[in-house]
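In what follows, a single structure is set out as structure tokens and then discussed.
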Amino acid sequence: MSPQTETKASVGFKAGVKDYKLTYYTPDYETKDTDILAAFRVTPQPGVPPEEAGAAVAAESSTGTWTTVWTDGLTSLDRYKGRCYHIETVVGEENQYIAYVAYPLDLFEEGSVTNMFTSIVGNVFGFKALRALRLEDLRIPTSYSKTFQGPPHGIQVERDKLNKYGRPLLGCTIKPKLGLSAKNYGRAVYECLRGGLDFTKDDENVNSQPFMRWRDRFLFCTEALYKAQTETGEIKGHYLNATAGTCEEMMKRAVFARELGVPIVMHDYLTGGFTANTSLAHYCRDNGLLLHIHRAMHAVIDRQKNHGMHFRVLAKALRMSGGDHIHAGTVVGKLEGEREMTLGFVDLLRDDFIEKDRSRGIFFTQDWVSMPGVIPVASGGIHVWHMPALTEIFGDDSVLQFGGGTLGHPWGNAPGAVANRVALEACVQARNEGRDLAREGNEIIREASKWSPELAAACEVWKAIKFDSNQ
């Protein structure tokens, strides 16, 4: 053994395994303004104390490993380690705890959501000491959020680009999502936009399949968009999905969309990946394109209540990575979404400063220091009878997206769009006149349907449609 090796191995080093809590559980720690803070829902294995479980999470998501290593002596663990600084019991749940962990900012690469998630959730979720683990929330310090561009444009710039104010925007996903030719697809786009919608949308899995290659779809949709704009005098958009198998191909599609002069493109940010999404967001800001984000695959990550990651974390990550719209559930449609929790992460998307509010699932006060906001998109099983509730819940800075609720109209696509536009305008006018949308919503829709046969037909078709788990 060389003298150098003897020195390294002998000074202050004791080989073996020791409890994580001896190093990583620090209840006296005072968090810094520059720390990234995380709230984990921890379910320890039987016999594992909550302090050890919380410390294990802090260790395995920062500097720790399963045994002591002599190279610990070559750095300052106190400077770089994550710290579990507080643990609280989850009321009403057996053997579940909220473990609060603080991470020094130096652990993370600037401007990289990919690196942030790789560190915090990349490895620890398979840890044997834990029966289940869920990341409930993150506090992003201002010193870190300022290293991100964020959304390409944000809410106010989008309003100005579209010249549309004072109401939610209306959208529609073209159905059937797969199987249409590019020309028939473009026809549906035209009919919906001509009928009064602001946007139409590629579905998340419409990329470039044999029945409809991306370039053909882009061309026919652009033709439809320009024709509808000419006839209505309104600025229209279609979310052209640029998601592809490689980043290079994705960028090629975005470049072609810009050359066509369309206002907006789309990306599946979870299946496409945060690195690809951030690159696309930067391109969109540099080239004047709005960016619509679909959250395909989110329920794989966020649906389980005790394991995975809450969508509010994915929403914060998207605001940092970049997107002007993101799907956010409906509260009232076919997809899951609890009202207060949904409104909590909607505020995290749109607002500049959000106070801690545990009743809405917000574990930390978040200051975005003027990072542009993201417009939430309500989509999934909604129709004209939902319009009052959606207008009241989501407010003006939202996109209300009716796929089947437009294309399923008994008279066709354009009448379906007319029905939705009439219903929305009626709800906005009623709200502005001081009427209570929550209490008078159905009456408002019935009144409007008396002078709109398209709305009356839609009301009749969907009058008894509900998405209850007991059906």
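Cβ from N, Cα, C; glycine included.
Per Swiss-Prot, these features apply:
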type	residues	note
ACT_SITE	Lys175	active site, proton acceptor
ACT_SITE	His294	active site, proton acceptor
BINDING	Asn123, Thr173, Lys177, Arg295, His327, Ser379	substrate binding site
BINDING	Lys201, Asp203, Glu204	Mg(2+) binding site
MOD_RES	Pro3	N-acetylproline
MOD_RES	Lys14	N6,N6,N6-trimethyllysine
MOD_RES	Lys201	N6-carboxylysine
SITE	Lys334	site 'Transition state stabilizer'
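Each residue contributes its Cα atom, and for Arg295 (substrate binding site) and Glu204 (Mg(2+) binding site) those atoms are 8 Å apart. Comparing Cα positions, Lys177 (substrate binding site) lies closest to Asp203 out of the recorded positions Lys201, Asp203, Glu204, His294.
Counting only same-chain residues at least 6 apart in sequence, those with a Cβ under 8 Å from the Cβ of His294 (active site, proton acceptor) are Glu204, Asn241, Met266, His267, Asp268, Tyr269, Ile326, His327. The Mg(2+) site is defined by Lys201, Asp203, Glu204, and by the 8 Å test on Cβ atoms against their centroid, the other residues of the chain that qualify are Thr173, Ile174, Lys177, Asp202, Asn205, Val206, Tyr239, Asn241, Met266, His294. Reported as a whole number, the C-alpha separation between Ser379 (substrate binding site) and Asp203 (Mg(2+) binding site) equals 11 Å.
Of all the recorded positions in the list Lys175, Lys201, Asp203, the shortest Cα-Cα distance to Asn123 (substrate binding site) is found for Asp203. Geometry remark: Asp203 (Mg(2+) binding site) versus Thr173 (substrate binding site), CA distance 6 Å.
Taking only the Cα positions, the spacing between Lys201 (Mg(2+) binding site) and Thr173 (substrate binding site) is 5 angstrom. According to DSSP, His327 (substrate binding site) is assigned to a strand segment. In this structure, the binding-site residues under consideration are Asn123, Thr173, Ser379, and the one with the smallest number of other Cβ atoms within 10 Å of its Cβ is Asn123. Around Lys175 (active site, proton acceptor), the C-beta neighbours below 8 angstroms that are at least 6 residues distant in the chain are Asp203, Gly403, Gly404, Leu407, Gly408.
Residues Asn123, Thr173, Lys177, Arg295, His327, Ser379 are listed as the substrate binders, and the farthest two of them sit 36 Å apart at their Cα atoms. Neighbour counts of Cβ atoms within 10 Å were compared for the binding-site residues Lys177, Arg295, and the top value is held by Arg295.
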